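So that you can see what the record holds, here are the features copied from TrEMBL:
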type	residues	note
BINDING	56-62, 81-85, 150-153, A224	GTP binding site
BINDING	T62	Mg(2+) binding site
Amino acid sequence: IPEFYEHTEILWKDRGVQACFERSNEYQLIDCAKYFLDKVHIIKQPNYTPTEQDILRCRVLTSGIFETRFQVEKVNFHMFDVGGQRDERRKWIQCFNDVTAIIFVTACSSYNMVLREDPTQNRLRESLDLFKSIWNNRWLRTISVILFLNKQDLLAEKIKAGKSRLEEYFADFTRYQTPQDATAEPGEDPEVIRAKYFIRDEFLRISTASGDGKHYCYPHFTCAVDTENIRRVFNDCRDIIQRMHLRQYELL
């Protein structure tokens, strides 16, 4: 095993390998590869223990349906995790019976990437198409969607690097203006802000098109290591349930 770590470090420092990594959007590479390859000198230590960040960065392809139950502030949550790949989607329908909300997670950094199962299809466009099909599904017309606009950290890296321009994949971005209600972190790049709100608005354009008021979209900018996500789910579900009760008694 020590030789494995040593060889990995040598390879990762190689200029050819780094040049290949710079073009990783052209092939299938797990997002956390750089994070862990940069940490090989720590991981190889005999007394290494994964940190919370290490665990949150881990990624396993979801196949099938995984059920989780947990509690937040004495409120019981029952969550189903389903795979997003095309061949996994037919299994979803059995999870949609009597749910409070759907959590839809999209990788915003995937705007310059293609699907594993279809190299001709842009990943972000596929995500938009899937969101549209869920939002407009006649069986889901009353179920609200909590939208996690995920991988904001990786999106920011790509936008600031300038090698894959968003407008090369989404021409409408050229004319897009950052909305007045946009909020920014201290020192956040204006172009990154414009990019993330453009992607948000592409989804909101779908959710506001019907305008029937029977279900709502709750968008959030997130990244893989964001531990506040479950708090967002809790708050959104509380709002969704309140709306359901108001509608039930014809107050909304």
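Note that Cβ sites are derived from N, Cα and C of the backbone, with glycine treated the same way.
TrEMBL: automatically predicted annotations, no manual curation.
All features noted in TrEMBL, drawn onto the structure.
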residue : record           : Cβ contacts under 8 Å, 6 or more apart
L56     : GTP binding site : A224, V225, T227
R59     : GTP binding site : I30, D31, C32
N150    : GTP binding site : V105, T106, A107, C108, T222, C223, A224
D153    : GTP binding site : C223, A224, V225
